[in-house]
Amino acid sequence: MATLLLFGTFIILLLLNVPISISLGISSIITLIFAGVPLDIIPTNIFAATSKFALLAIPFFILAGNIMEKGGISEKLINLAKAWVGHKKGGLALVCVIVSCFFAAISGSGPATVAALGSIIIPTMVNNGYKKNFASALMASAGGIGIIIPPSITFVIFGAITGASIGDLLIAGILPGILVGLALAIAALWVTRREDIKSLPKAPMEEKVSATKDALWGLMMPIIILGGIYGGIFTPTEAAAVSVIYGLAISVFIYKSIKIKDIYKILVDSTAQTAVVMFITASASLFAWVMTVEGVANAASNLLISLSGGNYLVLLIILNILLLIAGCVIDTTSALYILAPVFVPVALSLGIDIIHLGVVVIVNLAIGLITPPVGVNLYVACGVGHVSMKEIAKGVVPFLVASLIALLLITYIPSISLILPGLMAK
């Protein structure tokens, strides 16, 4: 009965358009009251969930991303990609994907990638003959790479929940992120092969060299983060703090694109974004705890074992389906807190590597960012590209297909995820 009340209340609140984070919290509290559990357990649970040292990386990565965005790094990355591939057929589509991969290595957030790049890339693509819904859909899809390529806030949360090595998770996301980007680029070129679109003039070598030099400082940030972590210089959380110092230093003293007076606004924006993430974390962790107390997580785990027949290949198919559905209706943080207690113990019991599992989970959730009705990237791209959800939903179909193909490869070829962590461990 308590289980029915928990999920019933949650679904009803969602149907009433109550924000997911609030729906999770209210349904959890109502269920606890019904079950006669003392409510003073709530602040204790929330504090335990949000006070993990690993989660301290989140505000730092958000702040670093905002500093680099306000510092004009996005424009320098776009100029870099335009200089090298803008003259090719469908070159601006390639620019969109390539720059998203680069910016993902700075921001760590899908929606932030779409917001930072979309306002520049989408109008440029439209002015050169690309359809507006295509340009917006591609930007939304490429922005999903932001939660796969390090530094990824979503990987940090997964590591905090499961106890997996955040450093290994971050390095494991590089090749899968590139693979998804490659799949999107191929899909974009396939869609535009017969379109009447313009190519940019071929840039002279001097311009290519200049654009590379301008973007070099920004491109160094992920190298410093991952190099520092695997060189034993600092932990992932400390790496996040270092990224803030580095981003601030190059933006203020080298690019000189941020003034001291701008820092306050950046701090305010970063605090607001962090508050949203942590509020979702608090509500989702409470919901997950209620699930565990009521035996839902254990029952669901047993059901997964039964459905998979103890076969890890079948389990991966089930997990992909479950995660794709979850990504359609709830945000990434909520999905992790609700589903991780269910599938992680089962996956580990069947011999699935926790790092590989983490990558599969995050790629699924990245696809969820471009899947209606709750695809956050789609809504951001709609606002930036000035298109309706109906229009962008049509344009995103080929990119969904491409992403799903990449997901299958990542799921059933574990070495795509595990080869880099393995090499770094030697």
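Numbers run from 1 along the shown chain.
Any Cβ shown, glycine's included, is placed from N, Cα and C.
So that you can see what the record holds, here are the features copied from TrEMBL:
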DOMAIN    7-416  domain 'TRAP C4-dicarboxylate transport system permease DctM subunit'
TRANSMEM  49-68  transmembrane segment
TRANSMEM  89-106  transmembrane segment
TRANSMEM  112-130  transmembrane segment
TRANSMEM  137-163  transmembrane segment
TRANSMEM  169-192  transmembrane segment
TRANSMEM  215-233  transmembrane segment
TRANSMEM  239-258  transmembrane segment
TRANSMEM  270-292  transmembrane segment
TRANSMEM  312-330  transmembrane segment
TRANSMEM  342-370  transmembrane segment
TRANSMEM  396-420  transmembrane segment
Stretch-averaged pLDDT - the domain 'TRAP C4-dicarboxylate transport system permease DctM subunit' (7-416):
91
Distant-in-sequence neighbours of the transmembrane segment (89-106), which means Cβ under 8 A and at least six residues beyond its ends:
64-65, 68, 73-74, 77-78, 80-82, 113, 116-117, 121, 124-125, 128, 130, 135, 138-139, 142-143, 145-152, 177-178, 181, 184-185, 188-189, 192-193, 197, 199-200, 215, 218-219, 221-222, 247
Is the number of Cβ-Cβ pairs under 8 Å between the transmembrane segment (49-68) and the transmembrane segment (137-163) three or more, considering only pairs separated by 6 or more positions?
yes
How about long-range neighbours of the transmembrane segment (215-233): same chain, 6 or more residues beyond its ends, C-beta under 8 Å?
64, 68, 73, 76-77, 79-80, 102, 105-106, 149-151, 167, 170-171, 239-240, 242-243, 246-247, 250, 254-255, 424
Two-stretch contact, the transmembrane segment (169-192) and the transmembrane segment (137-163), at least three Cβ pairs under 8 Å:
yes
Ranked first among 137-163, 312-330, 396-420 for CB pairs under 8 angstroms with the transmembrane segment (342-370):
312-330
Mind checking which residues reach the transmembrane segment (137-163)? Cβ under 8 Å, same chain, six or more beyond either end.
52, 54-55, 57-58, 61-62, 64, 93, 96-97, 100-101, 103-105, 107-114, 117-118, 121-122, 125, 169-171, 173-174, 176-178, 180-181, 184, 188, 222, 225-226, 236, 239-240, 243, 277, 281, 332-333, 336-337, 340, 344, 354, 358-359, 361-363, 365-367, 369-370, 375, 377-378, 380-381, 384-385, 392, 394-396, 399-400, 403
Long-range environment of the transmembrane segment (312-330) - Cβ separation under 8 angstroms, sequence gap at least 6:
14, 20, 304, 338-339, 343, 346-347, 350-352, 360-361, 364-365, 367-369, 371-375, 407, 411-412
